[in-house]
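Heads up: the structure comes next, in structure tokens.
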Amino acid sequence: KVFEKCELSQMLKANGLDGFQGITLEEWICIAFHESGFDSRALNYYNGSSSHGLFQINRQYWCDGQDAKSTEPSVNACQISCDKLRDDDIEDDIKCVKKILKESQGITAWEAWQPFCIADLDQWKC
């Protein structure tokens, strides 16, 4: 599903992501746009691993699934199938995002954040 900006904003807010670990809703909307174009089914390959869903969560560390381009086992820290990160239900994606924020390198885990989502966030407001 490709979400509309404000539809996604409402869902992220309803699931407690606004202000979580100090990250604003506008930053999350910006990240989702630059990572996946708001597409919950996005699948990309980079550096021999796959990234999944709205937030492009990486298989190597966070989810479990077969990856044709990598034989390395997944850590599966979010205890979720990568396929579940590419469906229309993003509540489980948000739980994984929160885990990444708390247990990993925080918001810098998302490469889109620093170059695109620190300043001038007005376009991401609803």
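Here the Cβ of each residue, glycine as well, is placed from N, Cα and C on the backbone.
Noted from Swiss-Prot: CYS117 is disulfide-bonded to CYS30, selected from CYS30, CYS63. Swiss-Prot records a disulfide bond between CYS78 and CYS96, which is the match among CYS82, CYS96. The CA atom of CYS63 (disulfide bond) is located 14 Å away from the CA atom of ASP87 (Ca(2+) binding site). Apart from LYS84, ASP87, ASP89, ASP92, ASP93, the Ca(2+) site neighbourhood in this chain, defined by C-beta within 8 angstroms of the site C-beta centre, holds SER40, GLY53, ILE80, LEU85, ARG86, ASP88, ILE90, GLU91. Considering other CB atoms within 10 Å as the measure, the emptiest surroundings among the disulfide-bonded residues CYS6, CYS30, CYS63, CYS78 are those of CYS6. Closest to ASP92 (Ca(2+) binding site) in space, going by CA atoms and restricting to the recorded positions CYS30, ASN47, CYS117, CYS126, is CYS30.
Closest to ASP89 (Ca(2+) binding site) in space, going by CA atoms and restricting to the disulfide-bonded residues CYS6, CYS30, CYS82, CYS117, CYS126, is CYS82.
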